[in-house]
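Working notes, beginning with the structure itself.
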Protein chains: 2
Amino acid sequence: MTSTPTFTAPDAAFVEDFRVMSQFGATENGGVDRQAATAADGEQRRWLTGLLEARGFTVKFDRAGNQWGLFEAVSGAPFVVVGSHMDSQPTAGRYDGAFGVLAAAHAAFRLVEKWAGGAASGKPKFNIAVVNWFNEEGSRFKPSMMGSSVYTGKLALETALNTTDTQGITVREALDGIGCRGDYDGPAASYCAEIHIEQGPSMEHDGITIGLVQSSWAANKYEFVVHGEQAHTGSTVIADRKDALLGAAMLVVAARELADRFPGVLHTSVGELTVYPNSPVVVPSRVNLLLDLRSADESVLAEADALLHQRIPAIERAANISVERNHSHSWPVTPYQTEGVELAAKVAADLGLSSKQVMTLAGHDSINMKDLVPTVMLFVPSVDGISHNEHEYTTDADIVAGLAMLTEVVNRLCNGVLED
Amino acid sequence: MTSTPTFTAPDAAFVEDFRVMSQFGATENGGVDRQAATAADGEQRRWLTGLLEARGFTVKFDRAGNQWGLFEAVSGAPFVVVGSHMDSQPTAGRYDGAFGVLAAAHAAFRLVEKWAGGAASGKPKFNIAVVNWFNEEGSRFKPSMMGSSVYTGKLALETALNTTDTQGITVREALDGIGCRGDYDGPAASYCAEIHIEQGPSMEHDGITIGLVQSSWAANKYEFVVHGEQAHTGSTVIADRKDALLGAAMLVVAARELADRFPGVLHTSVGELTVYPNSPVVVPSRVNLLLDLRSADESVLAEADALLHQRIPAIERAANISVERNHSHSWPVTPYQTEGVELAAKVAADLGLSSKQVMTLAGHDSINMKDLVPTVMLFVPSVDGISHNEHEYTTDADIVAGLAMLTEVVNRLCNGVLED
């Protein structure tokens, strides 16, 4: 995890900034805890403001808490938006979206420096906007990808601002608390680029440095509420119990059984499950849980979804409870623009970096952005595929290669390479 | 639920005090929420202090937060301790332990009034102490029966005071917050009596007014910690997952399967289960859960326990996790003193109240007290056996009959009926 001494000065500066950045919300085990609009998130945002302003960027917060670093090389021209998110899961890794935001900032610094070189370097057609999207993770406030959803018109601003965390604190209050709710509407975008770690083992396995993301997996996400009835765990006879936790446990097991039925092509999970009243001697009356099904194959997803819903009545009978489907959120397999994938492949070849097309199983802000403007999504490898874990790791050589890749993609986008 | 107009004035006063008492921490659905050392618990304790002091009782709080109402009829003599607990589960019923504390207070009032009648009524051999035990429920602070465990020497005072709730608040701080941590050591006890609702349907089913509790069910209680590994729910392949929640769900299902294997004679439950980090896109790395096995038959309990522990390695393999048994707490079938059961049977017959011997499946403070002094435990019926639920209900006629029963049992204990 030490920097190799062969890095150029700008690359070494990037690695050093990454080290400094990883101190915000640092955990004892080498990870970070920077949930959206917490103190650690706020401190890191102020640090990013300083970094951007020192290079001549204008920093603005929009109404949904997205942080923008703007540089106008061509007065009045629209922007190439480049960035990711700095918020994290609890006890998460240092890379995730934070690497993407810092790489975006350094890519922009390099381009602005080049443009300052004068006529010889050519003037770009588009301006550049570095973005740190608000609340991509969705751990404190749901849904995930909140800031980019508001920017792209998929989520109403008021709905986002009125969302509460488990303590009843609204997004509005939390953003005000860290001084990050602005009155900006965000820049006019023409293109978008994002770089992220892969969060899976395939690129490392194949020895590939750059992933050219060509589409995202389809997903069906459900919030189920299991309704039982509160009773004494000691004295209530089993036949009379309506145990919401038993029903919920059966759903968790059923989700895994589905994944086992479609090995390798279906991912299922229950990441969040909350029991009420959650007391040692009370049969739970209510459990809320979030259950996801994901696949690259929409027909597999549809079949698995149907099997899950067929299973629910049997669980209701077995546990003497009722299952309510409270909320759902689905998306199909969605491609990134082909011209963006082709551009990225050409840049990688020109830079001598190995690349391959990949799909993303995880959600990213660029999935929202690609529905607004042509968007290039890039991956660098994750050692052992570890993600959302304090031991998440990408080598310095790979983050430096990723920065070079992102810089050149954004350079060409700013120069209008996709204009024809 | 209306008082019948045939009650005597003292009985009507008791029913009215019960109504007033049920307003502390009242919930919209007719229940109460008075977890230990919360504001509602504190307010109710101050109200009880006022009630006791108005009748000439001296009220003291001991070092573990137990509230004592003392009346010395015979200077220097030891005490008959009578009471229960006023704390509740979240969204619990109005009866539970609160009925037992109020009945204890009113029984004591009646005896003190009788003793004040002079020589004709005879002077008792023992004094009387009404007790409101601290934190019987164990929902906010674990373990349950905390106050009586300290009083009976089963739990160290410092251990109890240093126990924290989920917010990190200690028992010491919480008791200080409601002004209920004293420097009293508690009275010297010679006998104990407690009355409680049955929390099950058997007495109502048989048409019995008074339950003579002759023993408690045996129980094995475990805290299991399921250890997995945090990972991204979308991108991590199923084979690589170490999903702590899947392992926990399998334990919940396995517990119920055990109960189904021993129908009617084994009660199993998981009432509390906490997921970490509990975020929608993170495979849980840790789940803590409390799993109980209870039976009136110790051989059934031992067999079920062995089956549970045999099952764990298979769950560890299937979910790719490890299960740690962090804490356990067991008790055998333990009898109340035979002489106490016989005394209660005689009192019921003398008062013309129907009675039968019952076992208690739930824990009670008297289970601790019976290991210190001869203890009489009484039940009144629960309509539909509902307990730890806002719809818990016992008729006014039954609580009034229970009060008469408790008064006469305590009267005879104070008179030394068990001295020979």
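Cβ atoms here come from the backbone N, Cα and C positions, even for glycine.
What TrEMBL records for B:His85, B:Asp96, B:His196 is Zn(2+) 1 binding site. Spatially close to B:His196 (Zn(2+) 1 binding site) yet at least six residues away along the chain are B:Ser84, B:Asp96, B:Gly97, B:Phe99, B:Gly100, B:His364, B:Met377, B:Leu378, B:Phe379, B:Val380, judged by Cβ distances under 8 angstroms.
In the three-state DSSP assignment, the secondary structure recorded for B:Asp96 (Zn(2+) 1 binding site) is helix. Counted within 10 Å of its Cβ, the other Cβ atoms near B:Asp96 (Zn(2+) 1 binding site) come to 30, all protein chains included. Annotated Zn(2+) 2 binding site per TrEMBL: B:Asp96, B:Glu137, B:His388, in sequence order.
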Neighbour tally for B:His85 (Zn(2+) 1 binding site), based on other Cβ positions within 10 Å of its Cβ: 31
Among B:His85, B:Glu137, B:His388 (the binding-site residues), residues with Cβ under 8 Å to chain A, listed in sequence order: B:Glu137, B:His388
Conformational class of B:His196 (Zn(2+) 1 binding site) under the three-state DSSP mapping: strand
